[in-house]
Amino acid sequence: MNEMIQIVVAGPRGRMGKEAVKLVQETENFKLAGVLDRKNEGRLLSEVEGFSGVDVPVFTDPAACFQQTKPDVLIDLTTPEKGYIHTKTALEHNVRPVVGTTGFTAEQLDELKDLAEQKGIGCIIAPNFAVGAILMMKFSEMASKYFKNVEIIELHHDQKLDAPSGTSIKTAEMIARQRKEKKQGHENEKETIQGARGGDFEGMRIHSVRLPGLIAHQEVIFGADGQSLTIRHDSYNRASFMSGVKVSVETVMGLDTLVYGLESIID
Ligand SMILES: NC(=O)C1=CN([C@@H]2O[C@H](COP(=O)(O)OP(=O)(O)OC[C@H]3O[C@@H](n4cnc5c(N)ncnc54)[C@H](O)[C@@H]3O)[C@@H](O)[C@H]2O)C=CC1
Ligand SMILES: O=C(O)C1=N[C@H](C(=O)O)C[C@H](O)C1
């Protein structure tokens, strides 16, 4: 029989956190040890609306949570600011983080990578857990060997805190592995409205759309003389991310370093 993996979910009342609690509850060898919430300290999650029967303690302080519940894995689905603190505190307590939270800076990612290495424990930070989105990034990296002009349009619901999305940054980073820095558009182009050409990543432009009704969508548009290639992925619900969360929890148990992005894991 497989060993039980004890898990803490941070952000259980959020759009993604709710799905993660459900995933843990429904997976045979996963066990919910506790949750990290912004409020409800000292209560049981079952006392919170929408979680009847989920009798695990709620904590607001990550150190206290990890000391008392001694989990194997933290799943973090919170905010850029808190997610970073939770991840760092988890590593300090030898808890393996699986982080979906986006919006960390490059410096924070480097610091967490160093800490994971120093502690010799696994950590997965995945800007996108949906298998289709990972394929979109991989296909984009492949296409960029042949197409050097590319613009990324990411579209999300209007409650999203970070822009551009973690997925679009990761996509641009993967494309940049195959493409020398190149300023796109006319050399004399001028924005008459600031931001019209989007964010600049090594000359690639990233455009962020925020609208109610959307969930998570991205188009990577490559252009060349007389042709274009569009690679698009759509998540229509948050359940689309959960198979990636499950694989990440299982995989992180066998890692001794930080992995950023699931592209190497799904190989
Ligand atoms: N990697 C992936 O595949 C995906 C990542 N995300 C990312 O996951 C994060 C959460 O997204 P959503 O669920 O849509 O946001 P949300 O706003 O619905 O949920 C965030 C939750 O974090 C909680 N929170 C805030 N401060 C906290 C604290 N100090 N301790 C514990 N919980 C705290 C809030 O109460 C809220 O319930 C975002 O960074 C988003 O970009 C979202 C979808 C997919
Ligand atoms: O906030 C979201 O919703 C999402 N965030 C992630 C990102 O920033 O890329 C992943 C997915 O796009 C949904």
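Glycine residues also receive a Cβ, built from the backbone N, Cα and C atoms like all the rest.
Just so you know, TrEMBL annotations never went through curation; they're auto-generated.
Among the features that TrEMBL reports, domain 'Dihydrodipicolinate reductase N-terminal' is placed at 5-129. Residue counts for the domain 'Dihydrodipicolinate reductase N-terminal' (5-129) under DSSP (helix as H, G, I; strand as E, B; rest coil) come to 50 helix, 28 strand, 47 coil.
Per TrEMBL, the feature NAD(+) binding site maps to GLY11, PRO12, ARG13, GLY14, ARG15, MET16, ASP37, GLY100, THR101, THR102, ALA126, PRO127, ASN128, PHE129. In sequence order, ALA10, GLY11, PRO12, ARG13, VAL48, VAL58, PHE59, THR60 are the residues near ASP37 (NAD(+) binding site), counting only same-chain partners six or more apart with C-beta under 8 A.
Around the Cβ of ARG38 (NADP(+) binding site), a 10 Å sphere holds 13 further Cβ atoms from the protein chains shown. Annotated NADP(+) binding site per TrEMBL: ARG38, in sequence order.
Per-residue pLDDT, averaged over the domain 'Dihydrodipicolinate reductase C-terminal' (132-265), rounds to 97. TrEMBL lists 132-265 with the feature domain 'Dihydrodipicolinate reductase C-terminal'.
Around HIS156 (active site, proton donor/acceptor), the C-beta neighbours below 8 angstroms that are at least 6 residues distant in the chain are SER165, SER208, VAL209, ARG210, LEU214, ILE215, ALA216, HIS217. DSSP assigns HIS156 (active site, proton donor/acceptor) to a strand in the three-state reduction. Marked as active site, proton donor/acceptor by TrEMBL: HIS156.
Shown in sequence order, ARG210, LEU211, PRO212, GLY213, LEU214, ILE215, ALA216 are the residues of the chain, 6+ apart in sequence, with a C-beta less than 8 angstroms from the C-beta of HIS157 ((S)-2,3,4,5-tetrahydrodipicolinate binding site). Under the heading (S)-2,3,4,5-tetrahydrodipicolinate binding site, TrEMBL lists HIS157, GLY166, THR167.
Annotated active site, proton donor per TrEMBL: LYS160, in sequence order.
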- Message: Restricting to the binding-site residues ARG38, GLY166, THR167, which ones have a CA within 10 Å of the CA of ASN128 (NAD(+) binding site)?
- Response: GLY166, THR167
- Message: Please report the Cα separation of THR167 ((S)-2,3,4,5-tetrahydrodipicolinate binding site) and ALA126 (NAD(+) binding site) in Å, rounded to an integer.
- Response: 9
- Note on the structure: Fewest neighbouring Cβ atoms within 10 Å among the recorded positions ARG13, LYS160 goes to LYS160
- Item | Where the C-beta lies under 6 angstroms from ligand 1, the matching binding-site residues among THR101, ASN128, HIS157 | THR101, ASN128
- Message: These are the binding-site residues: GLY11, GLY166. Which one scores highest on other Cβ atoms within 10 Å?
- Response: GLY11
